[in-house]
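Per TrEMBL, the features are as follows:
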- 12-35: transmembrane segment (TRANSMEM)
- 67-88: transmembrane segment (TRANSMEM)
- 100-123: transmembrane segment (TRANSMEM)
- 143-168: transmembrane segment (TRANSMEM)
- 197-216: transmembrane segment (TRANSMEM)
- 236-259: transmembrane segment (TRANSMEM)
- 271-295: transmembrane segment (TRANSMEM)
């Protein structure tokens with residue numbers, strides 16, 4: 001029971017980060033039916049940009065409190081990530097909107113590889129130790145513990161999700177996004193500018209990815225040029241799990257996947273008779289993906305599509 005409580009806490013933290021990333025996938029897919037496989041690299045750029053900013057501030061302004069350094073670095077990282085995603089959408093994806101679906105998918109993979117390569121050139125291929133800017137003293141919850149960084153991850157995720165839900169449901173931009181997702185041509189006739197809405201969607205997704213990247217690097221204490229690939233792939237799994245194109249589904253899928261992975265890591269040794277260790281926990285995410293695609297391709301909260309004769 002002690003191990004289970006700790007794994008639940010860890011799973012909620014991990015799932016919160018997956019949810020933030022998955023929202024970027026599901027927002028873009030909901031509007032233009034594109035799987036942006038470069039989304040994980042936007043996370044990586046956000047994390048490495050914040051790492052660079054924190055390093056500069058520690059040298060130039062060491063008197064600043066850690067939380068303020070993290071906040072300033074996060075703002076700069078979000079701006080950089082948003083600008084990057086805006087350019088990617090305009091240059092790489094917009095010209096391919098009327099092309100067969102395979103073309104933008106291949107382009108997304110190419111953009112992903114390009115961003116990894118550029119990051120390796122700019123930041124070098126070695127792993128960076130992400131600075132610990134908050135207290136490392138954990139808080140006890142019964143027999144389990146939670147660190148200030150994990151609390152920050154949960155709090156930031158909750159605030160980001162609440163802000164996004166308000167934006168989508170109660171603002172003019174949100175109404176325009178929903179209209180564009182429903183029918184871009186009709187939305188354009190009603191005065192909505194689809195290009196602007198799509199760009200805004202990519203920008204919002206980039207901000208969420210950058211926040212997730214910073215939280216991921218802070219929680220695990222490291223950042224590197226390939227760090228976005230696996231979390232991005234797992235977040236895509238979470239989006240499919242919950243129902244891609246459904247915002248609530250992305251959140252539910254992310255949290256459930258985090259819990260499955262975390263609890264699985266605590267018990268994988270017992271489940272396999274000691275054959276597999278915790279380093280094999282990545283298999284849980286992809287087992288979930290295979291099961292969902294087989295049994296319910298639309299996801300937990302996605303709408304079922306009736307077969308046509």
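Here, residue 1 is simply the first one shown, and the rest follow in order.
Placement of Cβ uses the backbone N, Cα and C atoms for every residue, glycine included.
Nobody curates TrEMBL annotations by hand; they come from automatic prediction.
Long-range contacts of the transmembrane segment (12-35) within the same chain, counting only residues at least 6 positions beyond its ends with a Cβ under 8 Å from a Cβ of the stretch, are 42-43, 93, 97, 101, 104-105, 108, 150, 153-154, 157-158, 160-161, 164, 177, 180-181, 197-198, 201-202, 204-206, 208-209, 211-212, 215-216, 219, 231-232, 234-236, 238-239, 242, 244-247, 249-251, 253-259, 261-262. Here the transmembrane segment (236-259) has Cβ contacts under 8 Å with residues 8, 11-23, 25-27, 29-30, 35, 37, 39, 161, 164-165, 168, 181, 285-286, 288-289, 292-293, 298-303 of the same chain, all six or more residues outside its ends.
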